[in-house]
Amino acid sequence: MNLERLPNEEKLSLCRKYYLGGFAFLPFLWLVNVVWFFREAFLKPSYTEQLQIKAYVKRSALGLLLWVAVLTTWITIYQHFRAEWGEVGDYLSFTIPLGIP
Amino acid sequence: CLRALNGQPPAAPTPRVVEREEEEEDEELTLKYGAKHVIMLFVPVTLCMVVVVATIKSVSFYTQNDGQRLIYTPFPEDTDTVGQRALNSILNATIMITVIIVMTLVLVMLYKYRCYKVIQGWLFLSSLLLLFFFSYIYLKEVFKTYNLAMDYITLAIIIWNFGVVGMMCIHWKGPLRLQQAYLIMISALMALVFIKYLPEWTAWLILAVISVYDLLAVLCPKGPLRILVETAQERNEPIFPALIYSSTMVWLVNMADTDRPNRNSTEAASPQQEPQEVASPVPSSPSQDDGGFTQSWVSQQEHRLGPLQSTEETRREIQQMPSARPPVEEDDEERGVKLGLGDFIFYSMLVGKASATASGDWNTTLACFVAILIGLCLTLLLLAIFKKALPALPISIFFGLVFYFATDNLVRPFMDKLALHQFYI
């Protein structure tokens, strides 16, 4: 899909859909949105829809940062305290490393 | 199957001399762009192979013999006598090929009787299974190999994101690079599954037989793929976007239709009668041919690969993942070449198997890799010359097999002997 060839309304619509989709626990979608539309939103000479696209990209970036923060915190907590949590830790674990923690 | 999207000059009445000149020029352009597209296909094929080989080397799961087999290959290969083993592998290969042929015929029938919804649903399910289930297993094995802890919550988020974005990129709209990356990843996953669940001799036999089948199905007048293409041409519609990797986004020329993106999504979504997006009015235009061939090819591939079954029913469906068909572009710059994902899968399977089971190790792996690339080059050259859909498997697989067995049995002992005697050449 080449963004160059799309008319502006389509770009806006696509950006919007990606933005809305990200709310379904899909930070990756927001990441894709930001990276893909970055040039469109910030580095291109302005056109009518650009303002809205910019807004969507910014909000996606915000949401992405939030998710990254939450996930990093959780992963750190998990990795650090997994052994100490005993049963709960094992229950949460998908793979349990061998050996002594 | 390989398809070049070359814009051929429309069949207009021009003086013969001018026409010929145009043709020559076109030829030249074709060959020039052909070279460019060879390189463009090298990268993804190489990437896929690298991923497969890297996984095989590091994650032992894919080389372990769990004793589990696919339903399609019921005969075990760890038998007492060589003769028994040979017989079993031949039987396995026969069963597999029969299943593939049947699946291909089913697909052609479905297409002929316009059961598009069935086909689409099938493809959708396959890609779903592949993107979620197989990647889940893959991640599990990778984590086990590197002895990392992972909790269900993070895992769920990862798999969910990977899967959904993958589905969107492949079946709907997404950045081209991401789509290509996903196609490479699913090809690699599929190849890994094959490498794990097909016993040795069976695997080599299947590779050989499939190349032959490919050749027949695509080139013979009665071949199912050919029928598929011709039907598509008669109906003047592109075949559903199945597993096809395209080197660039190519756009079809259609003066009246300004709704490009829609078409992209509709193409991905349904093989419907869309307003004809053909670069030229000639029904045998490359774009249509492409569509027809590659897809049928691909679907065939799917079938081929598809019918694997141990626990996962829909492996075949996996193959039938539609990829968004890139519309063909007007100017010459972006003519693309398309390669069916099945080709990716089999190439990677060959190299992966070589790295997993060869005694010559890296020598053999590299030799197979080079062989496949050479085969691909030749195929693309033929494509530039003949300008019609060609089977991409036979030449590469043939070279690959020859190189594998030759290197493993001849070159490696030779090198070992030389090293042993400290004799450097």
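Even glycines carry a Cβ here, placed using N, Cα and C.
Not measured: the values here are computed from a predicted model.
Now, the feature entries from TrEMBL:
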- B:1-23: region 'Disordered' (REGION)
- B:38-56: transmembrane segment (TRANSMEM)
- B:90-110: transmembrane segment (TRANSMEM)
- B:122-139: transmembrane segment (TRANSMEM)
- B:151-170: transmembrane segment (TRANSMEM)
- B:182-198: transmembrane segment (TRANSMEM)
- B:204-220: transmembrane segment (TRANSMEM)
- B:261-333: region 'Disordered' (REGION)
- B:263-275: compositional bias 'Polar residues' (COMPBIAS)
- B:285-300: compositional bias 'Polar residues' (COMPBIAS)
- B:366-386: transmembrane segment (TRANSMEM)
- B:392-411: transmembrane segment (TRANSMEM)
Among B:38-56, B:122-139, B:151-170, B:366-386, point out the range having the most Cβ pairs under 8 angstroms from the transmembrane segment (B:182-198).
B:38-56
So which residues does the transmembrane segment (B:38-56) touch in its own chain, when a touch means Cβ under 8 Å and the partner is 6 or more beyond its ends?
62-63, 138, 142, 180, 183-185, 187-188, 191-192, 195, 245, 247-248, 336-337, 339, 344, 347-349, 351-352, 355-356, 365, 369, 372-373, 376-377, 380-381
Quick test of the contact rule: Cβ under 8 Å, at least six residues beyond the ends. What residues does that give for the transmembrane segment (B:366-386)?
2-4, 30-31, 34, 37-38, 41-42, 45-46, 49, 337, 347, 350-351, 354, 392, 395-400, 402-404, 406-407, 411
